[in-house]
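Noted in TrEMBL for the protein shown:
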type	residues	note
DOMAIN	35-420	domain 'Major facilitator superfamily (MFS) profile'
REGION	1-30	region 'Disordered'
TRANSMEM	36-55	transmembrane segment
TRANSMEM	67-92	transmembrane segment
TRANSMEM	104-130	transmembrane segment
TRANSMEM	161-182	transmembrane segment
TRANSMEM	188-210	transmembrane segment
TRANSMEM	246-267	transmembrane segment
TRANSMEM	279-298	transmembrane segment
TRANSMEM	310-328	transmembrane segment
TRANSMEM	334-356	transmembrane segment
TRANSMEM	396-415	transmembrane segment
Amino acid sequence: RNMTNAKVNSEGEEEASGMRNETLGESGHSGEVKKGQVILVAYLIAALDLTFLFMQMGIMPYLAKSLGLDSVGFGYLQTTFGVLQLMGGYIFGRFADQFGARAALTLSCASGSVLFLLMSISTSIPLLFLSRLPGVFMHGIPGAQKVITDMTSPSQRADALGKLGLCFGIGIITGSALGGVLSTKFGIYVPTYVALVGSLINTLIAVVWIPLQTKPKLNQHVTEKSNLFSIREILRLMKFPGVMEVFIVKVLAGLPIGLFMIMFSIISMDFFGLEAVESGYLMSYFGVLQMVVQGLVVGKLANRFTEMMLLRLSVFVFAGVGLGMALMRTVWHYCIIAVPLVFAFSMLATITDSILTKAVPSSDTGAMLGICASVQPLTQAVGPTIGGILYKQFGVSSFGYLQLVVNTGLFVYLLKSKIPLREVKSQ
């Protein structure tokens, strides 16, 4: 066993890739086909998971209102879910490293099933808050990302991760539409019943179609002797070259637009004057843009340019988006701004995830993805408070000016700094 581990460490990524094929019981072309099939299944699981997630997100404000929860209480409900996701993101990633991507995806889907079950019987405000608890382990996208990072070489990773945006677009469009139609025609709780059944099916798909091992257990002694949650392990990962710098850029660049999206339901009603149906159409528009950008644009650019160039580009476009948001006055202005916004958001998320998973050992990719997945819940946890203050005190334009200032500063920083990256160009 020691000789095998030594061989793996000496041969590097090519040896690890070969061992992945052996783990799947395949070699050569058949192994590549098998890996491709597993990645497609991961995309399917992610698309279904996001569909059910957006179904419940769409009906949550109306369900909360029907139970007598006011806007302040709803903000607490959203914050609770964000804090739980923040707490569980890193733990989920460490769980994936120790027990494999299949166990992690199964845990995520099963947690979703419990959440939808509790939502379906939420006839009081305490039960509604209780239904948020399983969200601590609901991390379908990081689970799918773990499968993809295990099954792809570094040169293929950005393209494969970028295609997850198709799943995100499908989830927004189908989830928002299904949630609205089902709740309007059949009752507010019907979407939760559908999501419960679908999530159980998703769990079965993960168990049956995702291999028990998607990568060799490199550095197994590290993960076996570590707890699932360890501050020391987080600090260890942050000390790898370039990790801390890229992670800070990832957090700060997306924070202003994250605050805006947290407040979007209120902004769409008060500032744009949209009805619930029109807001649903706008979300579907975002979903289509997401599918086009990540399905057709991100992968091609990742194959042509270095990741540092694309990181600078996304931050630069974000700064321009901030200026547009500061000047916008109508929903049509926002629809125009949405094009570069979705591009910058998708590019930033994909490229930073790719850079960070390449910067750490393959035995720590799950933990790194878990840390990356905690960025959005962190915004969701602090967003209602900070976003509410910005909106009430300074108006919608404040989000745009904040976006402009922060990303202009980050762009200057990226131009002057020399962040060490593992650049691997596509073959």
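Just so it is clear, glycine is given a Cβ too, placed from its N, Cα and C backbone atoms.
Contact between the transmembrane segment (36-55) and the transmembrane segment (161-182) is supported by 3 or more Cβ pairs under 8 Å, counting only residues 6 or more apart in sequence.
Of the candidate ranges 188-210, 310-328, 396-415, 188-210 contributes the most Cβ pairs within a distance under 8 Å of the transmembrane segment (161-182). At the 8 Å Cβ threshold, with sequence separation of at least 6, the transmembrane segment (246-267) lacks contact with the transmembrane segment (104-130), having fewer than 3 such pairs. Sequence-distant contacts of the transmembrane segment (279-298) (same chain, at least 6 residues past either end, Cβ-Cβ under 8 Å): 54, 58, 158-159, 162-166, 168-173, 176-177, 180, 265, 268-269, 331, 335, 338-339, 342-343, 346-347, 350. When Cβ-Cβ distances below 8 Å are used as the criterion, the transmembrane segment (188-210) is approached by residues 38, 41-42, 44-45, 48-49, 51-52, 55-56, 58-59, 62-63, 66, 101-102, 105-106, 109-110, 112-113, 116-117, 119-120, 147, 178-179, 182 of the same chain, each at least six residues removed from its ends. Long-range neighbours of the transmembrane segment (67-92) within the same chain, counting only residues 6 or more positions beyond its ends whose Cβ lies under 8 Å from a Cβ of the stretch, are 60-61, 104, 107-108, 122-125, 128-129, 132-133, 135-139, 142-143, 228-229, 234, 262, 266, 367, 370-371, 373-374, 376-381, 383-385, 388.
Long-range Cβ contacts of the transmembrane segment (310-328) within its own chain (Cβ-Cβ under 8 Å, at least 6 residues beyond either end) map to 246, 249, 253-254, 256-257, 260, 301-302, 334, 336-337, 340-341, 343-345, 347-348, 351-352, 355, 396-397, 399-408, 410-411, 414-415. When Cβ-Cβ distances below 8 Å are used as the criterion, the transmembrane segment (396-415) is approached by residues 249, 252-253, 255-257, 259-260, 263, 267, 271, 308, 311-312, 315-316, 318-319, 321-328, 387, 390 of the same chain, each at least six residues removed from its ends.
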